[in-house]
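Right, one structure below, let's go through it.
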Amino acid sequence: MASDGGYNSVDLTWSQCSRQQLYTFFSEGKADCVKDLPVLVGSLQDWKPGLYYGVDDQCRIAFGSTARACSFTNTDLPVCRVLSCHIKPDDNSSCKRLLVPLLDGTECAPNQWCLKGRCVSPDQLRSSSSVVVHGSWSSWSQFSPCSRICGGGVTSRTRQCNNPRPAFGGNDCKGRDTEAELCHQQQCERTQLAFMAEQCAQTNLQPLYLSPNTASLYTWIPAVGFVTGDEQCRYMCQCKGENFIVSRGSQFVDGTRCEPDSPAPLGATTACLGGTCQLFGCDGVLKSGKVEDVCGVCGGDGSSCSLTSQSYSGGQAREYVTFLTLPVNATQVHIVNRAPVFTHLAVLIGNQYVVSGSGSIALNITHPSPLEDGRLVYRLYLTPDLLPLMEELLLPGTVTEETHIQVNGGVWALQCLVWWWRESAPCEMCSKARSRCPTGGRF
């Protein structure tokens, strides 16, 4: 089928060539495939082709698979009288026109559709269409390849509300247009922060124009701590040594970890997907709502571990003393020091101090970074006079390395030691933790 191509054309019409081809198709007995009637509500004339084939689809039919709808409009012709398309994938500055009207039912403005070359409202359509068209989903696409080779990438699939598109006051499709899962979740040698840092560093050679005709090169690092949520996923990086942040691209790679605007549930993962910060349940499925219980079991009922809660009094002045060794698989650790004026906490993992260790009280620390799945959070609270009021140590996830909790100071009271222990943890590890308590300590 082709249009007559005239400026005043308001309907697609059959050319002589198309008429002959269609006649031959039917006359040779090849048309049995069109004898099955479509399942439609209302008469055939009520169903407009533009509801199924949007402007992007019409551009691809006219100009090839890479064509898409023009991103800007020209006021010299009514929008429904001409098909305007970007032809080259990377060219958004020019459009090619085809002087044929858009298909009836093509959306041309909010709550308006093309009809015989005019952009009309639902009231104007009532005389030509007697049905309300509710949106219906297309089929799901194939799942995309995993976005990362380790560290938890994302694979996703999408569908569109275009089969048909909602029109004439009809309802939008119900349900989600995207399904996604975490993939390749084995741990990388590098941290999640390092993965984000690599992406920022890849833009170091791309100049930034802070003023017209003046290009400047900077070193870019993650803007962690400055932005959160969706904004963080929009490739936001901080200029090293300078006090400003800039979006260095459209979005971070899917699967890049992000900081949620509000605390995530236990065991959940927040990762970028399509430039937005999305929540994946502990089962790795987007928005599944699955959470870990206090034992670190996804969807568990808390019956596979037991609670240990004690306090400790003791310590040595000017010495770090280990009062607790956390074994692998301990979960939900919460330690509070209510006397930090005379004492302070330190954390030793392997041979490295990650909190304090230098003889002085630490400032707020998240180790290795706020983006890590198994992070350690240390917070120091101050009085109005800026004196130490309380220290708090949180390990919200599951301990993956033996961790030594130490104290520096004289005789004092460290209170509210709370953590959950998996029953599957070896008993000798529990005994080992008890044996590390100095004389006078209670476990």
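Cβ from N, Cα, C; glycine included.
What TrEMBL says about a protein is an automatic prediction, not a curated fact.
Positions annotated as Ca(2+) 1 binding site by TrEMBL: Cys33, Asp36. Residues within less than 8 Å, Cβ to Cβ, of Cys33 (Ca(2+) 1 binding site) and separated from it by at least 6 positions along the same chain comprise none.
Per TrEMBL, Ca(2+) 2 binding site is recorded for Asp36.
The domain 'ADAMTS cysteine-rich' (49-120): residue composition by secondary structure is 15 helix, 19 strand, 38 coil, according to DSSP. Per TrEMBL, domain 'ADAMTS cysteine-rich' is recorded for 49-120.
TrEMBL lists Cys59-Cys85 (among others) with the feature disulfide bond.
Positions annotated as disulfide bond by TrEMBL: Cys70-Cys95 (among others).
The disulfide bond feature in TrEMBL is assigned to Cys80-Cys114 (among others). The number of other CB atoms found within 10 A of the CB of Cys80 (disulfide bond), across every protein chain shown, is 24.
Taking a C-beta cut-off of under 8 angstroms and a sequence separation of 6 or more, Cys119 (disulfide bond) has the following same-chain neighbours: Pro78, Val79, Cys80, Cys108, Ala109, Gln112, Trp113. What TrEMBL records for Cys108-Cys119 (among others) is disulfide bond.
Counting every protein chain shown, 19 other Cβ atoms lie within 10 Å of the Cβ of Cys146 (disulfide bond). Annotated disulfide bond per TrEMBL: Cys146-Cys183 (among others), in sequence order.
According to TrEMBL, the disulfide bond annotation covers Cys150-Cys188 (among others). Of all the Cβ atoms in the protein chains shown, 14 others lie within 10 Å of the Cβ of Cys188 (disulfide bond).
Positions annotated as disulfide bond by TrEMBL: Cys161-Cys173 (among others). Counting every protein chain shown, 18 other Cβ atoms lie within 10 Å of the Cβ of Cys173 (disulfide bond).
The annotation domain 'ADAMTS/ADAMTS-like Spacer 1' is assigned in TrEMBL to 309-407.
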- Note on the structure: In this structure, the one of the disulfide-bonded residues Cys59, Cys114, Cys183 whose CB has the fewest other CB atoms within 10 Å is Cys183
- Query: Quick one: which of these disulfide-bonded residues, Cys70, Cys95, Cys188, have their CA within 10 A of Cys85 (disulfide bond)?
  - Reply: Cys70, Cys95
- Cβ-Cβ neighbours of Cys108 (disulfide bond) (radius 10 Å): 18
- One should report the C-alpha separation between Cys59 (disulfide bond) and Cys150 (disulfide bond), rounded to whole angstrom, as 39
- Message: Just to verify a number: CA distance, Cys114 (disulfide bond) to Cys150 (disulfide bond), in angstrom, no decimals.
- Response: 48
